[in-house]
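To keep things clear, I will list the structure first and then write my remarks on it.
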Amino acid sequence: MIKITFPDGSVREYNEGVNGLQIAESISSRLAQDVLACGVNGETYDLGRPINEDADFVLYKWDDEEGKHAFWHTSAHLLAEALQELYPGIQFGIGPAIENGFYYDVDPGEAVIKESDLPAIEAKMLELSAKKDAVVRESISKTDALKMFGDRGETYKCELISELEDGHITTYTQGAFTDLCRGPHLMTTAPIKAIKLTTVAGAYWRGHEDRKMLTRIYGITFPKKKMLDEYLVLLEEAKKRDHRKIGKEMQLFMFSETVGKGLPMWLPKGTALRLRLQEFLRRIQTRYDYQEVITPPIGNKLLYVTSGHYAKYGKDAFQPIHTPEEGEEYFLKPMNCPHHCEIYKNFPRSYKDLPLRIAEFGTVCRYEQSGELHGLTRVRSFTQDDAHIFCRPDQVKDEFLRVMDIISIVFRSMNFQNFEAQISLRDKVNREKYIGSDDNWEKAEQAIIEACEEKGLPAKIEYGEAAFYGPKLDFMVKDAIGRRWQLGTIQVDYNLPERFELEYMGSDNQKHRPVMIHRAPFGSMERFVAVLIEHTAGKFPLWLTPDQVAILPISEKFNEYAEQVKMYLKMHEIRAIVDDRNEKIGRKIRDNEMKRIPYMLIVGEKEAENGEVSVRRQGEGDKGTMKYEEFAKILNEEVQNMINKW
């Protein structure tokens, strides 16, 4: 018998070889109908996969990320099965589940798959799913795998198999389709009831631009048609909120092919927005005792060899810069942490000096393939709101609590009211790959869990997801239309202090290694602004928005009065512009609403005579007429009330 421990701490005994579905059925037949996959000691299993040892166990349904992952992974195989029937001779690359759906990279040979072909492929997928074929997992030797896929002419699969270790190869079969795959999957194709293939794109095999361009087909599936219909409505709303579209309308940022792909340029209004975000975080960091530094935009190759980043990320770096005299190699800075380690080393440190908190808005450069670039969310140059905390092991929990306070202030100030966290810990079994002592790891992991509990932060624990150098805490926010975005990270690091031989003198007069904590509440300025645009649809909080007020004279003879009002507002630290175009007032109102300017002040003869303005609020319409001095007071009070909440 084996012991199965459930999330509530209860324990049941089952026969060795029991599977997830049988465990679900032993609890409730209704539950067994709803489950899609299960977790066994932190690893996601198919429901039919045997469990042969004592295990921590959890069942996953549609509402769980792991449940959706298994559902969409099987959907990718269903897509491949449909393509195999419709396009004889097609070859398959990879077909993973992704955050919202799945894709499959295929080589259709002479055929060309276009977006107009997608409805026919969807119909074939629905036909196949209706057969309710079982999805069967099988372990296979490397020799047999190479023969099976080689006989089918699957060169891409054979390439993948050649790199795998014998004894760790599995296939999944449904109907007439067999794929090389680790899983997990559904037990049958029956739950896949609603299908939408969304896009056809090109993708280089294995992401290398010197390899063949394959056809990538994206899709999403659901267990009910109603869910798909709701998703399609959400998709339309997401298009309206696309930060690339709104950023252009609001004149926040731009890209230029001449400057280079993936290199955003901030226009005056976007720069004003970004600088206010930075100043906002600076004020908070000052309160929490951070010291700001500035480091160079490049670094010697030796710096990144020491840090280990050269070996791990060298292929993602831009080509080195060679100095003509010394013949040294320099790289555009891909991250800020090695520079901050050197700052730490600049002075002898005592246990009394810790924690030391170093912050920087540091611009970094990383090479991303052209096909991966996307607006501000995936770029080749971006600015991180980076900070590194050097502390003693016994200070880790307190530092996590402080950083969590900062992140909470940031999110709530931007009206992200719904957020949760993921705690990434070591693998429960395989611990050889992690650097640092077991004692330090256990203390850090427990500190993170306790910090989340103390703050009442909903947190999901993922075993085996920690980096080799330390556990971490990732924050996920939910935007106005329900999408989840990863923003903000706190990461413990035992690796860099070791590599840079960082030390402090302890109270015992012995030298000790500090613990390093990486943190970035925004993540990067570019990504955060993109998410904020899509969350607010460009209607930023009043204190943050680039232009708070647009003054609209009804004709050119009131332009002078409009300028007078503008100057008064600016003297009272209100960001105002005058729209003095020779356009009808209705057109001016519509255009400035399109620019998401919160307040519009309409001025004509009556207003000019009485020193007044007619006030309109974005989304609320007419707010009446008042003296412009009174309006300035009301607006500043509104802004101050927002700021006081920080």
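In case you wondered, yes, glycine gets a Cβ from its N, Cα and C as well.
Under the DSSP three-state reduction, Cys337 (Zn(2+) binding site) is assigned to helix. The Zn(2+) binding site annotation in Swiss-Prot covers Cys337, His388, His518.
Across the domain 'TGS' (1-61), mean pLDDT in this model comes to 94. The annotation domain 'TGS' is assigned in Swiss-Prot to 1-61.
Among the features that Swiss-Prot reports, region 'Catalytic' is placed at 242-541.
Taking a C-beta cut-off of under 8 Å and a sequence gap of six or more, His388 (Zn(2+) binding site) has these contacts in its own chain: Asn336, Cys337, His340, Cys341, Arg357, Ile358, Met516, Ile517, His518, Arg519. In sequence order, Met335, Asn336, His340, Asp386, Ala387, Gln491, Asp493, Leu496, Met516, Ile517, Arg519 are the same-chain residues whose CB sits within 8 A of the CB centroid of Cys337, His388, His518, the residues recorded for Zn(2+) being left out.
Here the Cβ of His518 (Zn(2+) binding site) has 23 other Cβ atoms within 10 Å, regardless of which shown protein chain they belong to. A 10 Å cutoff on Cβ-Cβ distances gives Cys337 (Zn(2+) binding site) a total of 20 other Cβ atoms nearby, all chains included. Mapped onto DSSP classes, the domain 'TGS' (1-61) shows 14 helix, 25 strand, 22 coil.
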